[in-house]
Each structure stands twice: as structure tokens, then as C-alpha cells.
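S.K.: Here it is: the structure, laid out below.
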Amino acid sequence: MAANFWTSTHYKQLLDQEEVDVVQQLDRDRGITLEDFKLVKMHISNYITRMAHLVKVRQRVVATAITYMRRVYIRKSLTEFDPRLVALTSLYLAAKAEESTVQARLLVFYIKKIYPDDIRYRFDIKDILEMEMKILEALNYYLVVFHPYRSLTQFLQDAGMMDLMQFTWGIVNDTYKMDLILIHPPHLIALACIYIASVSKDKDSVAWFEELRVDMNVVKNISMDILDFYDGMKNNIEERVNVIFSKLPSRS
Amino acid sequence: MAELDNLITKKVADRYLKREVLGEGTYGVVYKAIDTKTNQTVAIKKIRLGKQKEGVNFTALREIKLLKELTDPNIIALIDAFPHKGNLHLVFEFMESDLEAVIRDRNIVLSPADTKSYLQMTLKALAFCHKKWVLHRDMKPNNLLLAADGQLKLGDFGLARIFGSPDRRFTHQVFARWYRAPELLFGTKQYGPAVDIWGAACVFAELLLRRPFLQGSSDIDQLGKIFAAFGTPKPAQWPDMIYLPDYVEYQYVPAPPLRTLFPMASDDALDLLSKMFAYDPKARISAQQALEHRYFTSHPTATNPASLPRPPQKGDSNSKVPEFNPNEGPTVLSPPRKLRRVMPNRSDGGEENIHNAEKLDDHVSGSRLTAGASSSRNDTIPMSIDFSVFGSRPPPRPTINSADRTHLKRKLDLEFQMPE
């Protein structure tokens, strides 16, 4: 973990789970439940990841984009901020902020490719650029985000478990389907992922963890949250999300 | 959650009373305004949206991103940002002048204590940036702004970057040439805070000489000027030099004694200067070390910022952007900033190059606005994307999808019987 995390705006903005799990009134009026809300955010995270693969940006950009999207929905409703447009724009903005610009027209081009018939996903450049300004405002212009990836490498090296790299990296990617990045310091998320990986691959890491001087209760709780999330993964996400989307205002 | 409340009530453009235009900034018009909430004078940058349909200007976004993280008395404060009529506006604290204006003003006498004070504030700003892993990459006197209370504040973070990962490759096309470190001139793509120290050293020298120290007319000439001042570096002095991408051998010139170049400087000043001008970036003094150098504790004590000499107020219109009047005696001007930043003909820079291209566009549109000159530049940005891959992938799969999740969970829980 870079030494400056503790003085960063990211650290100052960390929230409690209860603060994150709030469905905006406008959405509740439309019958959106907390579970629906989480599911939409997960679906949108997947969508961001998928778009990011097409336009070829680093994992860091994907992670930042998802973080922006999740931060937006702390303050804004799904009703006012169309999640499909927020997804695209978060990716567009994150790419810029992480110094690997992706052109808006390229995103528009790929949406047409992958959703040739579904107009609900179709946006043009103008929509993205308008939303960019709104997202900046919703983020209160805080754009620097820290991620677990860098500390992950350092930890695994230190623990002599570099062979777990790929597996753990995958778990870290999965944590972005949840709100963990809004709640916990990234290095604790990394540790939780390492913990899960080491236990599932039968590596004895207890001694190493004990020497770390971190609050293992927190690490344990994060690990459990992640496993709970895996437990809750259902196959018919697409269907359920479509049902939720039908509750949201339709685009003209 | 005071911040959330804050967010709802502010962001109304009528919070600010618009005053006169101060000048044309890097990416748009800058005007003076009064913040009715605080009664503070502020400078508002209206960010022109690019013609490229690329949304919020990339340089502006960098500045926003970094300044939101950097709160320090010696760094310009970004007070607010808001969209208005489709444009993004950035609100900065108002700065009366800049160090270039001070250095150039022949009516101002800079005592050794004044120079020390300016350098100290510059190094404090850099030490803070570097502690936060931010490289400024555009050190020069007119980016060192002076507040009404005499405080020097580092401004213009449009070229700045976070340098967290040591292996990331950066462009070497940064800094105005006269302030560019030798490793950048030799084309290094992996560099660190030492580049800012070199730039600060050039500012230090400029304060002592009252003119830019190393005024190269090209990159090659710049290195020539550096070597003429400090001698051609020997391999022992800078072992990595010969491996740099654009390294070329220069004819050997010995170093003249530093004292001959700065006859008026104290021994301590010269010692610090030589450490800031060390050839090997690894051996160059850091901002924090420089602040602890005995130059800052030895006599004379640095002047209190409020007592520093400053250029006379030219009525109400004294702005950060100094006016160029060719009749005002020997004026030393930096070369026009854009030209030094942009290398439109380079094609090997990858992503950084696209950004440079954006900057170039800014410049073109800017000069069109001011000079009315027409430009026939074609604005297409080179694509770095491989269009051959259209195959869309299935949504990302979770990493753990086997049936033994519950088993794993039980196991995890058991393992955590550790006493706190």
C-alpha cells in the first residue's frame, strides 16, 4: 500500500455498509429493493468489464470505472441516472483519469456491435459527454482511487505465495461486483482475497497473517462477505436484471 | 456527511460575481471573480470543450484529479468546480503575480534572504507533491504563483502525474526546455521526482542570476549548455547515462568552477545548487533533503513571505498572465509554452502522444481565437486500437464457482480461531 493512501481523499470517503446500502427514494417509489439495487450494480459492473475488454484498457481502468459508478449511486438514483449510460461514461471518464484515454465514439461503436437490436443500451457521443459532467459533479470531482492490485503483488511476494497470483487476482476482480471498494481500504481487500485463496489451495498462511499487525477480524469479515457473495450468485441474473430495468423509466 | 449536504447547496454559478478577464489559460479563458460566499477574490478558469467531441479537456481533468488530493499552503488551491452552460468551470484562489514577473522586474532587488525564501517555498511545494507521489513535470518561474500575502504556490498541474508504479513508462516531452533535466533530454521514459528537482535548481539559478540560466535553442543545444556549465558528465558521475535511449556522446568539456558562474552566491547556496544539479538522478538531492540543507539554517534567515518584494500593482488588471511589452527594456521571455510541450511529428509515443495531440489542438484553437489566423490542421487523432477484434466475450465469470464454496466457508471460519 502506497504510503499516501491514509492522506488520500479515497480514505476520507470510505463509508459504512449501511451508508452504501441505501436505495434512493425515487427508486423505492418504483419498487426497487435493496437486493435489486445490488443486482443492478453487479450487472453494470459486468457490463463495464465487458466493454473494457473490447476497447482494451488495463484492469486498473476497469476497477476505477466500477468504483466511480458505485460512488455515483451513493448519491444518485437509478431512475435519474440510467445505469447503462453511467456504465459507459464511468468507463470513459476512468480511462481519461487513468491516463489511457478511450474515445467516446469507440465506445458508441462497440455498443452498436454488441447490442445491434437493443435500443435501451444505445447511446451516442452527446449522451456520454453530458453524463460525464454529471458524474464529475456526483463524484464531487474526486477522481483518485486506490485498488488492491498493487498491494496484492507486494503481499504475495512477501508471503512467498506468488503461485497464487492468478487465482487471487481473479478473486480481487470479483470483489468489484460488490461494494467493498467503497467500504474497506484496498490493502485489506487484498488480504481477504489472499486469505481465501490460501485456504482454498491449502496453503498455510496463518503465521504470515499473524505477523502482519492488521485487524484480522476485519480481514475475516471481508472474506466472509466475499464468500457470501459467491454463494448468492445465481444463474438467471440477466433475467432478473431485465425485470428490474423494466421498473425504471424507459428511454424515449 | 457534511460533504453530501455541501454538494446539494453549492454548485450554483451565481455564487460568483464575474469580474474582468485575466487572460487565456492553457485550456480556456481565465477571469477574476468574487466568491460571494467567502468574499474572497478567485480566479475562474472556464474550460473550453474540445472540438474533438472528447468531453472535459484531458489536461484540465489531470489538474482537477491531482489538485483535489493536494491541499498545502504552497500549492494552488482548487476551491470549487461546477458546470455552467455546458462548460466546466474551475475556481482557484486568486494569485497576484508569479515568480517570472519578479525575476524580470528590474526595479526589484532580490536579497539573498528573499531568494532563500522563494526557494524554500518552492521546495516545500515539491516535497509535498513527491510525498503524495505526484510529479509536477512543469517547473518554471511562471508556474510559481505569488499570493497577495506573499506565499508562493505551485500551480498548473496540467502536466503532472502520479508516479506510483516505478516501471511505468512516461513521456520525456515534459517541462519547458530550459528547465528540462539531462535524463529527459537523453530520452528516458522512466524517471522520478529528481526531474522536478532539476527544474527547481534552474529556478534557483534564475533567482541568483536574474535571467534564465541554461537557454538552449534545441534539445541538443540544451545539453550543450548544461555540459558547458557543469562539464561533460563522466561515466563515474552518472553510470546509467550511456544506456539512455537518445544518448549521444558529447565532446568532453571540463567544468568551470561553479563560483565563476554565480559570483554573488554564498558557499552554502552553491553547495545546495550543485546537489540539486547532480547529473545522476539517483544522486540528486530530494526536495525534503534540500529543505534540511544547511543553506536554510545558515545566515541570513529566509525572508518572511509577507515582506517579500513584489511587482507593483498595475491597477486592477494586474493578472497572473504578465503582459509582454517589447519596449520595456531587456525582457527575458520563456519560449512560448505550447511549442515546447508538443511534438506533433513524433509517432512513437503511444498513449502520451495522443494527449500531446490534444494539447496541440488546444493551441491551434487558442491561437485562432486570439490572432484570427485560420488553420487547416486536420484534427484526427491517431487510433491506437486494434479493430480486428470484434468478438465479444461472455460476461466476466466469477473466479470461485465450484460447488465447494460452503465447504470453503466453513474451513475459513474454523481457521480464524486466532486470539486477538
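Backbone N, Cα and C define each Cβ position, glycine as well.
Bear in mind that TrEMBL entries carry predicted annotations, made automatically and left uncurated.
As the structure is a computational prediction, the values presented were derived from the model and not from experiment.
Feature table excerpt (TrEMBL):
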type	residues	note
DOMAIN	B:16-296	domain 'Protein kinase'
BINDING	B:LEU22, B:GLY23, B:GLU24, B:GLY25, B:THR26, B:TYR27, B:GLY28, B:VAL29, B:VAL30, B:LYS45, B:LYS46	ATP binding site
ACT_SITE	B:ASP138	active site, proton acceptor
REGION	B:299-380	region 'Disordered'
COMPBIAS	B:348-365	compositional bias 'Basic and acidic residues'
S.K.: Under 8 Å Cβ to Cβ from B:LYS46 (ATP binding site), same chain, six or more residues apart: give me those in sequence order, or none if nothing qualifies.
M.R.: B:GLY28, B:VAL29, B:VAL30, B:TYR31, B:ASN87, B:LEU88, B:HIS89
S.K.: If I take the alpha carbons of B:LEU22 (ATP binding site) and B:ASP138 (active site, proton acceptor), what is the distance between them in whole Å?
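M.R.: Between the Cα atoms of B:LEU22 (ATP binding site) and B:ASP138 (active site, proton acceptor), the distance comes to 21 Å.
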S.K.: Work out how many Å separate B:ASP138 (active site, proton acceptor) and B:GLU24 (ATP binding site) at their Cα atoms, rounded off.
M.R.: 18
S.K.: For B:GLU24 (ATP binding site), just count the other CB atoms lying within 10 A of its CB, please.
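M.R.: B:GLU24 (ATP binding site): 15 neighbouring Cβ atoms within 10 Å.
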S.K.: Just to confirm my parser: what is the rounded mean pLDDT across the domain 'Protein kinase' (B:16-296)?
M.R.: 91
